[in-house]
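Data first, discussion second: the structure below is written as structure tokens.
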Amino acid sequence: MALPSSSLSSQIHTGATTQCIPHFHGSLNAGTSAGKRRSLYLRWGKDNQAKKFGPSKIVACAGQDPFSVPTLVKREFPPGFWKDHVIESLMPSYKVAPSDEKRIETLITEIKNMFRSMGYGETNPSAYDTAWVARIPAVDGSEKPQFPETLEWILQNQLKDGSWGEEFYFLAYDRILATLACIITLTIWQTGDTQVQKGIEFFKTQAGKIEEEADSHRPSGFEIVFPAMLKEAKALGLDLPYELPFIQQIIEKREAKLQRLPPDLLYALPTTLLYSLEGLQEIVDWEKIMKLQSKDGSFLSSPASTAAVFMRTGNKKCLEFLNFVLKKFGNHVPCHYPLDLFERLWAVDTVERLGIDHHFKEEIKDALDYVYSHWDERGIGWARENPVPDIDDTAMGLRILRLHGYNVSSDVLKTFRDENGEFFCFLGQTQRGVTDMLNVNRCSHVAFPGETIMEEAKLCTERYLRNALEDTGAFDKWALKKNIRGEVEYALKYPWHRSMPRLEARSYIENYGPNDVWLGKTMYMMPNISNEKYLELAKLDFNRVQFFHRQELQDIRRWWNSSGFSQLGFTRERVAEIYFSPASFLFEPEFATCRAVYTKTSNFTVILDDLYDAHGTLDNLKLFSESVKRWDLSLVDQMPQDMKICFKGFYNTFNEIAEEGRKRQGRDVLSYIQKVWEVQLEAYTKEAEWSAVRYVPSYDEYIGNASVSIALGTVVLISALFTGEILTDDILSKIGRDSRFLYLMGLTGRLVNDTKTYQAERGQGEVASAVQCYMKDHPEISEEEALKHVYTIMDNALDELNREFVNNRDVPDTCRRLVFETARIMQLFYMDGDGLTLSHNMEIKEHVKNCLFQPVA
């Protein structure tokens, strides 16, 4: 009989956690009794680095013949980092105060009201567009403005420096454009001489700053409307520096752009040129252009463009649109309106990325129902009646609607792909922005099987975004954000399948700008998208949830210690890392019990994996499995001491879990839990048997067992009982062992594990992995080719997992999340290597710290 680990440790003291795995010399008889194994050791030093004992990195036990019997390589794990004293040292002083709870409730109410009050979109005044509307002469023929309140607004809203625009943010392009529009309007109406002179002085002294700004900050249509207005200003006799080099350059750009414009394109179909008709008045056929008027009477939602058309045509629908906008805003107009689809989609995206969406489920549903009711297979724009779709709103809509279960097709992206396979924001546009390409990239990761357009979008946008990170001038065509670079870096490093909600929330809290602005024809703000309330709630909520998580982790540490598991010398102690898993995705306070069950079950899968994988003899493993099957504590007397600790802890823990499950489900669940574990232990046993005889199965045989032995299904099937839902047998079957959903979770988890660990485990004597088994089936291919094929299988399975997650609506939402997020956490843990075993010197350690111990400021 093999010695228990305590005796092995007394022979050769390693000072670290160790594990034996079967390792046979090729000349040995594979049928040698599993009860007569010899042990070899690999040591970990105090610096957690492997100690090498010669070329083989092993050392034989004294007094044993190295060729007489099958051997074991004794695998050692680095000790756990998150010991009690480490956790205690990191405990912040933060506690949830009653005032915090009250403030959270207040903010939730205010944000709910914000969502419920959403109409056509809230935004700020545009001095530029207001100046164009103020030009309109009265329709009654009097020599007065049709909208005198807009003229008065211009007179009252000049800034101290003589410019017009947003006071808190200086963008030379925006200020110069708005100021030029306002002084022209005041000159036309022969009023505000003082304001005009101050505006001219501002223009003269500040226009040159445009040369210092990035081209990407140039507002939409600037090269069209700015030269046209300069021509007007010159005709009005305004004393401006018309000969400045940059002005001449912009005029040349305009001429070149107009020369490239096909004569009939302007009238063939709606394009972004409709947004800037005020700058094209000398070439527009006003009768033809009316065919492209939007249903609401506007031209691409632009008050300035619509005002110019009205002054040329007297079209009543144009006037109705302008009256509609002024009825909403009073004495000014924004740069475009409505913005109803844009506002709703970005507001939903904001609360989701900040991690506060769980407070606004009804509001989110209402917002998305509205967007979906205006969804178009050709794409959508920023407003429901916008005739020109854009990839930014379309990609955001496709991703969010799909993830919330709405039936939307990825074919919608084909509208925005040119003949070279590149993606663009608007039809006929060649320049792209970082924010729109970022949204397409985020969208591309929620692909379903066979959606080649999504794969093409992913590759195209990844290439663009990586180049953008190297080019500071690429930030950004459509927005001035606090840290768009940080958003891009996060998206590329943690794409959808490894972006856990708590980590994304932490990152976005740091990157989110409550004063972010967007770039249209002028700079504009969206207060229902960017505001301090979202950020304040996100910080308070994150710290509050984190406080509860720390308390739960301490409870689980006490369970671990009281169960005697810290005495086990053969297994990995990764309590904090394992608790981090459910805390990173099922983080809401109401799921505390589910997190505890998930963590305890996961810890047992690690203990028993290490036990069955290498430590126990086959006889003892079969005894352990039989004890679980019979649920018989008396059999423990026949076990070695460390296995006694395992089984007693297992037996007591799952009796407690079953009792709690009975209360929640209203029926006995112990037999269900037993059966879940029986299947799991059968998979472990099969792997142990394969290892004992160095059997390399076929790929299909291996995956059939390995997708179970990865143990994710066991964790999910038991934890699901505590998601707050009554789970009928029918529901359980939809996430059960025979379900495609659960299989894909196990498959992707197994494959990402194998791709990152097979080389190290092969060096330690393991003979079966997805890569090795595939190579056995296909001896003609190289290891590199086999690895590439396994990655392809995994990527395809992740796409299918997306579809199962989205379409499996018969399964309660929390159960769907449990399955899907468990698959995602595996992608995170194994993104760069074995993030569980080697968590002490990998990024997982920082994730644990940021998620559980570091409050946000």
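Yeah, the Cβs are placed from backbone N, Cα and C, and that goes for glycine too.
Listed in Swiss-Prot:
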- LYS257, LYS477: substrate binding site (BINDING)
- ASP390, ASP392: Mg(2+) 4 binding site (BINDING)
- ASP609, ASP613: Mg(2+) 1 binding site (BINDING)
- ASP609, ASP613: Mg(2+) 2 binding site (BINDING)
- ASN753, THR757, GLU761: Mg(2+) 3 binding site (BINDING)
- 390-393: motif 'DXDD motif' (MOTIF)
- 609-613: motif 'DDXXD motif' (MOTIF)
- 1-33: transit peptide (TRANSIT)
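Feature annotations (Swiss-Prot) mapped to structure.
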residue : record                 : DSSP class
LYS257  : substrate binding site : helix
ASP390  : Mg(2+) 4 binding site  : coil
LYS477  : substrate binding site : coil
ASP609  : Mg(2+) 1 binding site  : helix
ASN753  : Mg(2+) 3 binding site  : helix
GLU761  : Mg(2+) 3 binding site  : helix
Checklist line | Long-range neighbours of the motif 'DXDD motif' (390-393), counting only residues six or more past its ends (CB under 8 A) | finding: 341-342, 345, 379-382, 413, 415-416, 423-426, 433, 435-436, 439-440, 478
Margin query: Give me the CA-CA distance between LYS477 (substrate binding site) and ASP392 (Mg(2+) 4 binding site), in Å, as a whole number.
Written below: 12
Checklist line | Integer Å distance between the CA atoms belonging to ASP609 (Mg(2+) 1 binding site) and ASP390 (Mg(2+) 4 binding site) | finding: 51
Checklist line | Least surrounded among the binding-site residues, given as ASP392, ASP609, when other CB atoms within 10 Å are counted | finding: ASP609
Margin query: As a test of reading the model: what is the averaged pLDDT for the motif 'DXDD motif' (390-393)?
Written below: 96
Item checked: Listed in sequence order, residues not in ASN753, THR757, GLU761 with Cβ within 8 Å of the centre of the Mg(2+) 3 site Cβ atoms -> ASP754, LYS756, TYR758, ALA760, GLU766, SER769, ASP834
Notebook entry, point to check: What is the interatomic distance between the Cα atoms of ASN753 (Mg(2+) 3 binding site) and LYS257 (substrate binding site), given in whole Å?
Noted result: 54
Notebook entry, point to check: Whole-number Å distance between the CA of ASP392 (Mg(2+) 4 binding site) and the CA of LYS257 (substrate binding site)?
Noted result: 24
Notebook entry, point to check: By a simple count of other Cβ atoms within 10 Å, which of ASP390, ASP613, GLU761, the binding-site residues in the record, is least packed?
Noted result: GLU761
Notebook entry, point to check: Roughly how many Å separate the Cα of LYS257 (substrate binding site) from that of GLU761 (Mg(2+) 3 binding site), to the nearest whole number?
Noted result: 61
